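*Asks:* First the structure, then my questions, so here it is.
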């Protein structure tokens, strides 16, 4: 994640984000008075104001979240902070996908071994292949009994229990009846490979771009990987199952460009869209670094609190700035906000990822951990890739949240976060793991320990 959090002075991006104390008709009235625009243009729950006269200031107000994106000078921003009814004013920061992480050779070998089908499946592969050749030969020659079912080779390659190590670790086989069906999960990232064979038939997938592109097509791969971990299909085109909640409805918001960077304003745009589309979980594997002892973003915190009040759970990657064991970096923004569910990463041995940010001050607190090293999922170009990061852990947690919501739709927002933490498997210090490794919902009537 970029450490500077500087403003990009590019045309088309507002300079500041303003959060009002609460949703109210007075917010629009304040902007009308300030800018002299008595008839702002409205669409999709937003009002656009344009200053009259010599001032060049403009503003976009999202009424439901009580957030405005504005062009202002620093002097105007200071004056805005002093006005009654204003909760926070922050500069429009650069956000990005977390710093890329490379697998070391040992981790790469473990990841490769984790993608091989169970050994018992190899005998099934041979037998099914031979049956298929036999059936085909008999049909062509008109000899022997004509098969009444599928050809012998069909369906052998992917054993029903062949899953990634991450799905194994979170107990994906515990509640096979839970798929996330009926739950909407928004993934705000670099988009999705809309032509990937695993997603061409995704039921009800909705997409939108907030970075100036015509579609949410992913030209990077990071967003496709995260979408795959949340809701990849039960039967992928190739390889093991990797999606936590294959029945969940994806809402894909492209808030980061194909270089992996975007603006806070674009992310706010995506959050607003996801809320209006009915998202119950919002997964964000993005952010910016935060120095130890530095504050969290008040803008994001106010936005997250409003999401929680509407039953929406925001889940954020903690960041990849650590270099363990020597350096444990603090949780970055926006994961450091108390309103966000902050996610750390673990490897196959249940150790923290050496890059995973930790709870090293009283500001950026960790909530939970997810599988985040050598994670297999979909990638752009119709293929798959194994990568590491708290970005990969976060969609595991978002997928599990969808399973909880299917199991009990009444447990939402902060209550859902508390339940997931209660059912997590404790691994060690809160500094590294939060409450522990996220787990698929427990079976009804089974004590959680």
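Glycine is no exception: its Cβ is also placed from the backbone N, Cα and C atoms.
Quick paste from TrEMBL:
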type: ACT_SITE; residues: 189; note: active site, charge relay system
type: ACT_SITE; residues: 222; note: active site, charge relay system
type: ACT_SITE; residues: 391; note: active site, charge relay system
type: DOMAIN; residues: 180-436; note: domain 'Peptidase S8/S53'
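Help me picture these features in the structure, burial and contacts included.
*Replies:* In sequence order, 97, 218, 222, 223, 226, 227, 252, 253, 254, 255, 256, 283, 284, 285, 286 make up the list of same-chain residues 6 or more apart from residue 189 (active site, charge relay system) whose Cβ falls under 8 Å from its Cβ.
Classification of residue 391 (active site, charge relay system) by DSSP places it within a helix. Taking the Cβ of residue 391 (active site, charge relay system) as reference, residues of its chain lying under 8 Å away and at least six apart in sequence are, in sequence order, 97, 98, 222, 225, 226, 285, 286, 317, 320, 372.
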*Asks:* Which secondary structure state does DSSP assign to residue 222 (active site, charge relay system), in the simple three-class scheme?
*Replies:* helix
*Asks:* Where does residue 189 (active site, charge relay system) sit in DSSP terms: helix, strand, or coil?
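*Replies:* Its secondary structure by DSSP: strand.
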